[in-house]
Every structure is written in structure tokens, then in C-alpha cells.
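A.B. asks: Please find one structure pasted underneath; my questions will follow.
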Amino acid sequence: MDSDDDMHDMDSVDYDYYSGGTYDDNDSDETDFGFGEADTDDAAIIASYRSKSNYVVLKEEDIRRHQNDDVGRVSAVLSITDVEASTLLLHYHWSVSKVNDEWFADEERVRRTVGILEGPVVTTPDGREFTCGICFDSYTLEEIVSVSCGHPFCATCWTGYISTTINDGPGCLMLKCPDPSCPAAIGRDMIDKLASKEDKEKYYRYFLRSYVEVNREMKWCPAPGCEHAIDFAGGTESYDVSCLCSHSFCWNCTEEAHRPVDCDTVGKWILKNSAESENMNWILANSKPCPKCKRPIEKNHGCMHMTCTPPCKFEFCWLCLNAWTEHGERTGGFYACNRYEAAKQEGLYDEAERRREMAKNSLERYTHYYERWASNQVSRQKAMGDLQKMQSEKLGKLSDIQCTPESQLKFIAEAWLQIIECRRVLKWTYAYGYYLQDHAKKPFFEYLQGEAESGLERLHKCVEKDIEVFELAEGPSEEFNHFRTKLTGLTSITKTFFENLVKALENGLADVDSQAASSKPANSKPSSKTKGGGKGKGSSKNGGSSRNPDGN
């Protein structure tokens with residue numbers, strides 16, 4: 001455990017984690033908390049709280065509007081129908097500039113490649129009856145349907161063909177004429193005309209999703225059931241985004257938001273949490289293989305006399321793994337094994353014991369970090385539930401009791417949102433700590449982590465416990481304004497501290513390196529004098545560090 005002196009030294013490291021945040025009980029109550037006046041919806045509040053200029057959350061109607069705008073632009077510039085423009089954009093992955101460049105470079109080649117034909121490729125036979133190219137039945141002209149190529153098929157076969165391809169998946173967006181040798185594209189007009197209502201919904205679902213899935217700057221929100229997309233502009237170091245559904249995730253890897261940990265570390269941590277490797281570590285640390293059948297056996301009683309499970313039933317000594325029949329008073333009796341102790345002194349069991357001890361230590365270390373990682377996740381989920389309960393049940397009552405409009409109580413929601421965000425950050429600091437290889441940085445990291453936990457607990461207590469006296473009051477209290485100032489102050493300080501903590505961890509705790517580097521001249525002074533046998537001109541110049549605690 002770190003001494004008090006160590007803690008003081010770490011606290012003196014030249015990094016202002018509290019810069020920008022002040023707490024004063026006498027601060028003015030006229031504070032703008034950054035929320036709208038009327039919108040109390042959870043999603044809107046979270047979106048407002050986490051909104052950043054480097055991304056935009058798109059609803060389905062927004063995506064559809066973007067699609068229609070692109071289709072209209074291509075249609076106007078190339079003087080083609082909207083259906084043909086849609087077909088071109090699908091082929092060129094919704095790139096308007098690519099469509100224009102390719103079209104004006106070689107229109108004929110583009111038409112041939114995409115399947116937008118200028119005229120029929122087959123001659124319509126004279127007569128009142130036509131033969132369907134799929135079922136080969138005869139139909140009148142009114143019952144025959146064809147696209148730009150002119151191949152005749154009956155409406156029933158067309159419907160079946162379209163339905164089959166739509167139910168096969170997104171490939172239906174590149175649908176071609178049923179004739180195997182024909183490249184003619186089938187556009188949205190045929191879907192509207194011949195597909196069933198259910199098939200139309202599926203087709204346009206694929207059509208909508210194609211706009212996002214081919215765009216490198218857009219991704220769907222990975223939350224189950226969410227139908228929003230994120231348009232990410234970049235330009236910042238953070239990939240964390242928040243959807244209107246309140247789900248926060250990393251735009252780069254689509255895992256949950258995980259600052260200050262990088263995506264590679266998150267991938268390793270998640271894999272470790274779900275992999276069988278930890279089960280094997282537990283088995284290795286807490287069991288030994290049966291000397292006869294080699295199955296792992298856990299020792300669950302105090303006696304060293306072990307009996308393997310049927311059908312093996314081999315009896316052996318837990319310490320030396322030899323047959324129990326060889327044990328008696330000469331080997332130490334039932335609860336000790338002189339043979340094992342002697343062999344251990346000779347080094348015969350050192351390797352196996354060392355492996356088992358290493359596995360046990362590794363498991364204990366992993367368990368330490370995982371339990372705290374998971375605990376903060378549970379606390380975060382509970383805080384989200386408490387926020388929802390506060391907004392749906394308690395806020396109105398508190399407004400009535402304190403005679404304060406709900407629009408002036410948004411500071412409470414802001415505090416809860418800060419707690420939710422801090423729990424997320426604190427949770428991932430444990431994954432950061434697990435993979436932190438530089439042992440010199442560990443004490444400072446754990447100090448910062450401890451300070452973060454302490455500050456967060458103060459904020460959590462204030463918004464969860466201290467508010468109860470005002471919720472249970474019979475009328476307005478003069479102390480409520482003091483509570484408002486206290487809570488907003490704690491929220492601001494906690495936010496600033498966690499923001500600086502994230503930056504410090506993302507920079508690899510560079511301040512520890514800089515502190516070590518700046519202390520090297522002072523530390524090297526004694527050795528310089530020893531080597532030189534006295535104060536030379538150079539040693540005198542280098543020895544006058546202001547960081548020397550003796551002041552020499």
C-alpha cells in the first residue's frame with residue numbers, strides 16, 4: 001500500500017486535473033445548464049448533453065430525404081428519370097460525383113454496364129397472344145409485362161420472380177431481367193407495380209439501408225431495435241457518439257463507448273471476458289490432474305487423501321500425486337507428506353507448483369479488475385434507471401413542493417447524466433489498468449482512479465441522498481437554492497476531473513514520464529561527483545537543479 005508521502009508526491013505531479021471547475025456555495029443560481037426549456041424526453045436530454053459537432057444522428061426520414069435529394073440531383077443533371085437515377089446510384093454506391101463522372105466519360109458503356117437500355121432488344125411479335133418466357137402459357141398483350149429490354153413475361157411470373165429475389169436478401173436491389181442473357185435492370189417502378197405490400201416493405205428497407213451501408217462516413221446504431229444512423233465527420237480524437245436512443249458507442253469499432261481505452265484493448269478485454277481461457281486458468285490454479293486418468297480434480301475437503309470420480313476411482317495424495325497405498329506414517333501420515341516436502345526441497349515439484357502459482361495469481365489479478373469493471377457497469381445501469389424514475393415520477397412532485405418550474409430543475413438531470421458518463425469512464429479505467437504494462441505509472445494511475453471514484457461518490461450521494469429531504473418536505477425550503485448550487489458545483493468539478501483523467505490516460509500518463517525525465521539531472525548529481533572525483537565545470541553547471549530537495 002502507498003505511504004502518505006507517496007500519495008503527497010503523486011498529488012504534486014504537475015497536472016491540473018481540476019482546472020476549469022470551481023465550487024462555491026455562494027455562486028449565483030442563474031446558471032444555464034444547456035438544456036431546452038420544454039423537452040424533458042430522456043433521449044433528447046442525453047442527445048443534448050452528449051451532442052458533438054463532429055457527428056449527426058439521422059432518423060429514417062433524414063436518410064430518405066438525403067436519398068431523394070441525391071436521386072433528384074442525378075436526374076436533373078443527366079436528364080433521366082428518377083427510377084434510372086436510383087439504379088445508377090445503387091450501382092455506384094450512392095456516389096453522385098462518381099455517377100456524373102462515369103456518365104459523361106462514356107454514357108453508352110454506363111448504360112450497358114448498369115442495364116439502363118435505351119430501347120428493346122427483342123422484337124414484339126405481331127398477334128394478339130404472347131408466350132410467357134417463364135411458364136410458356138399464352139397471354140394477351142394486356143397480361144404481358146416487360147422492362148426496357150422487351151422480354152415478355154406474365155404478371156404472375158413477374159410477381160413470383162420479384163418476391164423470390166426480395167426474400168433472398170439485399171441482392172434484389174440489383175435485380176435484372178428474368179432472361180438469363182439479358183442485362184436490363186429492374187427499377188423501383190416494377191417493384192411498385194408488381195410486388196406485394198410485404199415485399200415492397202422489405203425492398204424499400206434494403207433500399208434505405210443501402211444508403212448507409214455503402215457510406216464510409218455513416219454507420220447504423222448497433223443498439224437492438226434502433227433504426228437511427230450516425231453521420232460521422234471526424235476531425236476530433238474521440239470516436240464516442242451518442243444516438244437518440246441514448247445508446248453511446250464507439251464509431252470506429254461499434255462497441256460501447258470506451259474512452260479512455262483504445263479499440264484494440266477493448267477487443268482484447270471483451271474476448272478475455274468471454275473466452276474459455278479464464279476457465280482454464282481457474283482449473284489450472286485450483287485443481288490437479290488425476291495421476292491415472294489425467295482428469296482435473298478440485299480439492300474440496302481438508303484431507304490430502306483424494307479419490308478420483310468413477311470409473312477411475314484412483315486414490316492418491318494431493319501433495320505428491322503418488323498412490324495413497326504408499327502413504328502411512330513413514331510419509332507423514334494423512335495430513336502431511338514428507339516425501340512431497342523433501343522432493344520440493346530438491347526442486348522436483350518446483351515447475352508444476354510455479355505454473356500453478358502463476359495461474360492462481362493471474363486469475364486473482366483478472367478477478368480484481370473484472371469485478372470492479374462489472375460493478376461500475378451495474379451502477380451505471382442503475383443510475384440510468386434512477387434518471388428515468390426521477391424524470392417520470394419525482395421531478396413533477398419536487399416542482400410542486402418547491403414551487404419551482406421543471407425547466408429550472410434540469411440541473412438534477414444533468415447531475416445524473418454526469419454520473420452515468422463517469423461510471424462508463426470509470427468502468428473502462430479498470431480494463432486500462434489491467435493492460436497497463438509500465439509499473440512505474442501504476443501508482444499514479446491508481447491514485448487518479450481512486451480520486452475519480454471518491455469524487456464520483458460525492459456527486460452520487462448528493463443527487464441520490466441529499467435530495468431526499470426536499471422531496472419529502474411539506475413545502476418550499478430556503479435550503480433548496482443552496483442544494484442547487486452545491487449539486488451544480490459538484491457536477492462541474494466532477495465533469496472537469498473526468499475529462500482531464502480521460503486525456504491523461506489517452507496520453508499514456510505522459511506526465512509521469514516528464515516528471516521522471518526532469519528529475520534525472522538532480523538524481524545523477526551524486527554519481528557525477530563520484531565519477532569525477534570532484535566538482536568540474538560541467539558538473540557544477542548540471543548540478544544546480546532547482547528540483548533538489550536540499551536546495552544545494
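Yeah, the Cβs are placed from backbone N, Cα and C, and that goes for glycine too.
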A.B. asks: Pick from 42-72, 290-320, 445-475: which stretch is listed in Swiss-Prot under zinc finger?
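C.D. replies: Among 42-72, 290-320, 445-475, the range Swiss-Prot annotates as zinc finger is 290-320.
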A.B. asks: Which range is it, out of 81-131, 132-182, that shows up in Swiss-Prot as zinc finger?
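C.D. replies: Matching range for zinc finger: 132-182.
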A.B. asks: Hey, for the Zn(2+) 2 site built from CYS149, HIS151, CYS177, CYS182, who else sits with CB inside 8 A of the CB center?
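C.D. replies: Along the chain, the qualifying residues are VAL121, VAL122, SER146, VAL147, SER148, GLY150, LYS176, PRO178, ASP179, SER181, PRO183, ALA184.
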A.B. asks: Determine, for the Zn(2+) 1 site, the additional residues of the same chain whose CB lies within 8 Å of the mean position of the CB atoms of CYS132, CYS135, CYS154, CYS157; present them in sequence order.
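C.D. replies: Apart from CYS132, CYS135, CYS154, CYS157, the close residues are GLY133, ILE134, PHE136, ASP137, TYR139, PHE153, ALA155, THR156, TRP158.
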A.B. asks: Have a look at the binding-site residues HIS151, CYS157, CYS182, CYS293 and say which one has the shortest Cα distance to HIS327 (Zn(2+) 6 binding site).
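C.D. replies: Answer for the nearest of the binding-site residues: CYS293.
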A.B. asks: Take the Cβ of CYS320 (Zn(2+) 6 binding site) and count every other Cβ within 10 Å, whichever protein chain it belongs to.
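C.D. replies: Around the Cβ of CYS320 (Zn(2+) 6 binding site), 23 other Cβ atoms lie within 10 Å.
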A.B. asks: Can you tell which of the binding-site residues CYS132, CYS157, CYS293, CYS308 lies nearest to CYS221 (Zn(2+) 3 binding site) in space, using Cα positions?
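C.D. replies: In terms of Cα distance, CYS221 (Zn(2+) 3 binding site) lies closest to CYS157.
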